[in-house]
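Report on the following structure.
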Amino acid sequence: MKMKKFQIPVSFQDLTVNFTQEEWQQLDPAQRLLYRDVMLENYSNLVSVGYHVSKPDVIFKLEQGEEPWIVEEFSNQNYPDIDDALEKNKEIQDKHLTQTVFFSNKTLITERENVFGKTLNLGMNSVPSRKMPYKCNPGGNSLKTNSEVIVAKKSKENRKIPDGYSGFGKHEKSHLGMKKYRYNPMRKASNQNENLILHQNIQILKQPFDYNKCGKTFFKRAILITQKGRQTERKPNECNECRKTFSKRSTLIVHQRIHTGEKPYVCSDCRKTFRVKTSLTRHRRIHTGERPYECSECRKTFIDKSALIVHQKIHGGEKSYECNECGKTFFRKSALAEHFRSHTGEKPYECKECGNAFSKKSYLVVHQRTHRGEKPNECKECGKTFFCQSALTAHQRIHTGEKPYECSECEKTFFCQSALNVHRRSHTGEKPYECSQCGKFLCTKSALIAHQITHRGKKSYECNECGKFFCHKSTLTIHQRTHTGEKHGVFNKCGRISIVKSNCSQCKRMNTKENLYECSEHGHAVSKNSHLIVHQRTIWERPYECNECGRTYCRKSALTHHQRTHTGQRPYECNECGKTFCQKFSFVEHQRTHTGEKPYECNECGKSFCHKSAFRVHRRIHTGEKPYECNQCGKTYRRLWTLTEHQKIHTGEKPYECNKCEKTFRHKSNFLLHQKSHKE
């Protein structure tokens with residue numbers, strides 16, 4: 001039987017579900033992705049059945065990855081109820097701006113399957129003759145038209161209906177007890193599929209829908225319809241590699257690139273490749289400097305919106321993700337996952353070159369540059385290159401003199417956070433690195449590696465000149481300069497000649513740095529205000545007192561060093577001989593006995609010294625200075641210990657006593673000579 005054709009106007013606006021910004025923010029990422037798929041699929045289906053019009057703004061925004069919310073919220077006042085809509089049906093057809101699409105009854109039902117999220121199981125062969133009544137399963141009532149069959153089927157799938165929704169047929173309302181709209185016998189058109197489409201397309205919903213099968217809540221009916229269709233239908237696009245299925249073939253194609261390794265989008269600047277175009281677009285902003293997302297609080301800009309959202313949590317103080325092990329909180333879930341690996345020891349990122357594993361992907365990326373020899377981060381001041389940006393940033397502070405990291409204990413400042421963290425261990429006594437051979441704990445990993453070499457009992461690095469062996473190559477390099485006479489710098493102000501380049505740089509900074517702060521009492525000038533405060537304490541106050549002996553100090557670091565004499569703590573260990581020291585400067589001076597370094601050279605006679613104190617005393621020979629005077633006889637001396645020994649003559653003190661013959665001595669040297677006489 002030939003069916004009568006009728007026309008209905010269908011525009012994309014009829015199928016569009018709009019969100020305000022507030023509503024959009026309430027959707028989780030899965031719901032947003034679902035909305036995107038629904039809208040793009042509806043638009044594609046309309047185009048496939050002959051819909052021709054310029055691309056709507058919402059589709060353009062979705063394709064560009066932008067948020068599709070509208071400025072003003074729609075209300076039900078923009079849409080008439082079902083009776084008014086039917087009365088104005090002809091007027092809508094006449095004034096509609098979009099192209100009219102013609103359907104037969106059979107084609108209409110089939111196309112509605114595609115347009116409305118594939119929720120109906122009625123195909124072309126599923127449409128019976130008009131002579132045969134249709135049966136609705138829930139109540140067993142007979143229905144006379146296709147429209148009531150379609151409505152009844154939808155009612156069966158979703159029985160929880162918001163009060164504000166009016167897009168239902170008369171028969172479905174009889175099941176649900178809804179009598180909001182009266183049935184008018186004069187309007188026979190209400191039993192046609194035309195009215196069904198109009199019923200469903202002109203509604204706007206304020207209340208969310210609950211879907212009984214999966215428990216999800218949706219704010220718009222179009223999303224609910226598609227969700228039901230996805231749970232009841234098999235996805236035809238399946239990946240042959242991992243059997244994962246996708247609702248769209250384009251999504252499957254992008255997914256398969258993970259297995260094939262295909263990256264068709266190439267950056268014209270650095271030739272880096274990407275699987276999807278959006279990743280390339282985001283990457284290109286690194287080269288162009290474009291940072292379109294700006295923080296309204298601090299005006300900081302970002303390349304992508306996700307980085308901005310994470311940053312904004314800093315201003316709000318919100319740290320939503322807490323570690324169950326240590327209670328530490330994080331702004332991002334990914335940061336928590338990375339942190340948790342520090343508890344589990346998991347290192348999922350492995351280098352294919354050497355097998356070294358890392359807990360973070362960024363660490364692996366930086367490590368791989370060591371194999372390629374790639375150092376992309378270059379200092380504009382000196383041309384030195386680095387593997388990672390953070391190392392370059394720390395290096396640039398050498399040129400600027402900036403030391404933003406300050407120790408709260410001793411006010412010492414550092415170029416980078418890691419150096420400060422290592423320094424703090426000298427105050428806390430923390431030694432997190434344990435030697436597996438002897439169980440000894442050390443402050444830094446580098447110190448542990450250097451210590452483990454001593455267990456091998458082998459000094460691998462030999463000096464070609466004198467045959468001396470060293471455990472470390474760096475120590476050998478410093479030692480060899482004693483033979484070559486290589487000296488990195490001479491500065492007349494201090495008279496120091498440095499064999500170690502780092503020491504030379506330190507001395508240079510000390511001598512050339514501009515002095516900004518001057519002491520009003522002595523005229524002593526220093527480069528930092530904190531140094532001036534410490535200097536003034538030597539005159540007026542000594543606020544730091546030792547609890548053991550009551551001795552006072554003007555600096556907290558000096559007190560810390562002194563307290564080690566009571567605790568016996570000696571944190572500085574020589575890698576060559578294993579000797580330990582309380583203070584770092586003593587440790588540094590001791591190392592020169594192994595390297596042979598003598599950085600302090602006299603300008604008068606050319607004699608050089610390991611220790612600065614010895615050099616200072618030697619200089620007094622040329623200047624004739626004797627600052628230490630005896631109060632008893634007025635005799636003067638160049639060294640303090642010489643004065644101390646001399647004063648024993650006036651006091652009669654003889655502190656050194658022989659255990660064999662009980663003879664006493666004023667000087668230790670004489671006492672040692674005497675003891676040898678007993679051994680002989």
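Just so you know, glycine gets a Cβ as well, placed from its N, Cα and C.
Annotation comment: Swiss-Prot describes 10-81 as domain 'KRAB', evidence class sequence analysis.
Counting same-chain residues at least six beyond the ends of the zinc finger (265-287), those with a Cβ under 8 angstroms from any Cβ of the stretch are 65, 254, 257-258, 303-304. According to Swiss-Prot, the feature zinc finger maps to 265-287 (among others).
Feature annotation from Swiss-Prot assigns zinc finger to 293-315 (among others); the stated evidence is sequence analysis. Assigned with DSSP, the residues of the zinc finger (293-315) fall into helix, strand and coil as follows: 11 helix, 4 strand, 8 coil.
Under the heading zinc finger, Swiss-Prot lists 321-343 (among others). Beyond the zinc finger (321-343), the same-chain residues lying 6 or more positions past its ends with a Cβ under 8 Å from any Cβ of the stretch are 310, 313-314, 359-360.
Under the heading zinc finger, Swiss-Prot lists 377-399 (among others), citing sequence analysis as support. Here the zinc finger (377-399) is broken down by DSSP into helix, strand and coil counts: 11 helix, 4 strand, 8 coil.
For 405-427 (among others), the entry in Swiss-Prot reads zinc finger. Within the chain carrying the zinc finger (405-427), a Cβ under 8 angstroms from the stretch's Cβ atoms is held by residues 390, 394, 397-398, 443-444, 530, 534, 555-557, 560, 571, all 6 or more beyond its ends.
If you look up Swiss-Prot, you'll see 433-455 (among others) marked as zinc finger. Per DSSP, the zinc finger (433-455) is made up of 11 helix, 4 strand, 8 coil.
Feature annotation from Swiss-Prot assigns zinc finger to 461-483 (among others). Nonlocal intrachain contacts for the zinc finger (461-483), taken as residues 6+ away from its ends with a CB within less than 8 angstroms of a stretch CB, comprise 450, 453-454, 499-500, 575-576, 591, 594-598.
Sequence annotations record features per position, and here Swiss-Prot assigns zinc finger to 544-566 (among others) based on sequence analysis.
The annotation zinc finger is assigned in Swiss-Prot to 572-594 (among others). For the zinc finger (572-594), the DSSP-based tally of helix, strand and coil residues reads 11 helix, 4 strand, 8 coil.
Taking DSSP states H, G and I as helix and E and B as strand, the zinc finger (600-622) has 11 helix, 4 strand, 8 coil. As annotated by Swiss-Prot, zinc finger applies to 600-622 (among others).
Mean pLDDT of the predicted structure over the zinc finger (628-650): 88. Annotated zinc finger per Swiss-Prot: 628-650 (among others), in sequence order.
Marked as zinc finger by Swiss-Prot on the basis of sequence analysis: 656-678 (among others). For the zinc finger (656-678), the residues of the chain that approach it from at least six positions outside its boundaries are 645, 648-649, judged by C-beta separation under 8 angstroms.
The stretch with the most CB contacts under 8 Å to the zinc finger (433-455), chosen from 377-399, 572-594, 600-622, is 572-594. Break the zinc finger (321-343) down by DSSP state and the numbers are 11 helix, 4 strand, 8 coil.
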